[in-house]
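Below: the structure, in structure tokens.
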């Protein structure tokens, strides 16, 4: 009985195997089509995990389906008309799998490393196309069903081949090769714009910006159009920073002058648009679909898919209706819907809007802008507009319970999930952006010397301390960067809780109070969760040791005085420092008390150094902005590019904003200045 049941199950699976595989491959394409681009806009772990699983599974299911299909096409095809028809329908599914391997327009790569594997993708295209052609020849019958495979094969080759070409275009080697090195090129930026992956001609990018600046637009359309083309113009210059190619001194002068004339909102909007363009180049099919050739291929793809659906509807009446026929209907109908959706999104993209403005299609551009707002195809942001937050004291106090701790420990994922559990996301408030931009613009205006601006990008808070006549606190920022972050984060957290306890109403009203706390939690989030964004040499041993010491201190304190809340624990920590300050000063060195107790020493100076609360938090905020600038500068362009695929980081926006304001070491000095 068991053997008969097993045989029955095997027969059912053999019959439904290819059906399930093909339908699930189609389902994954739908997921990627509608959610592939959402990771740029939504800072959600679930969104990223869903896209990651769908991205990895899509290629695997399509490849496996192709293998199963190749073993079934042609088998017993001549025994009966029904078997022969089924074999031809299965052969028709093969080009659809090639389309699925090409993927949707919304995602061409999940990570920047995928672009470096473009040659493997091209080799896979050749092999898979050969297998499909072999299957089609094997099942060819010179009837309408056989000829129907030709247009879908064209679509499949176009999709899969386009993906390989896009990955090559976005690879680091190709980007560096397609853009001339600034040290060997003319300062004229227009000569640096080569192989621009959209339909605007290279010679009209600057002219387009000037048109918008001078055009008689009115209302918000004028501002939107101007900012969009400003973004496109600067993107054409600054995109090669992501592959670590420096700009010229002339570029430094031009972009700095322009950005100093902007408001903080305009500056951040331009930066946001630029990074959105860069995301499209690295992780979507934008390098192909916004070229004239890409538009032609889009039309061909749509016509081929629609014609295949129409032909199948017309001629299927002569066929016996079965499961394979219904699945073919679904494959064709969904393919048409996805093509039409991709075309609509292409028409409503920023790239198309730029082309319309360039061609002086003002009425069409205005209609498109109104349609976007009406249909809510875009909101005001091109990224998630969030920043990660991590609080080391909350982490050490174990404020959040652990779910299934034994299972996590058995799987050795307890430490990773523990840090993720304390990571949160908050909106990047406009007030914080204004504070950051004002501080950067102030330094950019005051330092006419290029070398002084380069020094500011590496000050790590020293400028802010000297400005407040507290240069004696330089010991808190002169050590390893990881140590400086820990000292200032603990000090900021202690000051935050103590000030909030003393005068809650006055502290909450201070913008620097909120901004300083947000940047502090953001920097420790980078250290704890994304240390690669700080520096390639960043180590976490000091962070882990500091946490161990803090946990030990708080546990002993809770045993002696149970029931203390977080604010009271912070007060006890500062008091404990005062009692053992002399002993701690004798043991200054590479012990873990060096971090924890020097943070308390810093708090004592900030609270008792004659600084009013407003001035104290202004200093804290300015120090954190300088640390943020240093971290942004130390992170490589390739790491910033990688992070764009993970909903982006405030650090990347800071990095690009600094470059536009001239506060960067990625400008090439002439030999005279170096001497």
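Every residue, even glycine, has its Cβ placed from backbone N, Cα and C.
Lifted from TrEMBL, the feature list:
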DOMAIN    52-395  domain 'DUF4220'
TRANSMEM  20-37  transmembrane segment
TRANSMEM  49-69  transmembrane segment
TRANSMEM  89-111  transmembrane segment
TRANSMEM  118-137  transmembrane segment
TRANSMEM  143-166  transmembrane segment
TRANSMEM  295-315  transmembrane segment
TRANSMEM  327-348  transmembrane segment
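With respect to Cβ pairs under 8 Å, the transmembrane segment (89-111) is most closely packed against 49-69, considering the stretches 49-69, 118-137, 295-315, 327-348. Taking every recorded stretch in 49-69, 118-137, 295-315 and counting its Cβ pairs under 8 Å to the transmembrane segment (143-166), the highest total belongs to 295-315. Residues of the same chain lying 6 or more positions beyond the ends of the transmembrane segment (118-137) and with a Cβ under 8 Å from any Cβ of it are 63, 66, 69-70, 73-74, 91, 94-95, 97-98, 101, 146, 149, 153, 156-157, 160-161, 163-165, 167-168, 171.
Sequence-remote contacts of a segment are chain residues at least 6 beyond its ends whose Cβ falls under 8 Å from one of its Cβ atoms, and for the transmembrane segment (20-37) they are 47, 50-51, 54-55, 57-58, 61-62, 64-65, 68-69, 93, 96-97, 100, 103-107, 284, 327, 330-331, 334, 338, 341-342.
Long-range Cβ contacts of the transmembrane segment (327-348) within its own chain (Cβ-Cβ under 8 Å, at least 6 residues beyond either end) map to 19, 22-23, 26, 29-30, 33, 89, 92-93, 96, 99, 104-106, 155, 289-290, 298, 301-302, 305-306, 308-309, 312, 316, 368, 371-372, 375, 377-378. Residues 144-145, 148, 151-152, 154-155, 158-159, 162, 199, 288-289, 328-329, 332-333, 335-336, 339-340, 342-343, 346 of the same chain, all 6+ positions outside the transmembrane segment (295-315), place their C-beta atoms under 8 angstroms from a C-beta of that stretch.
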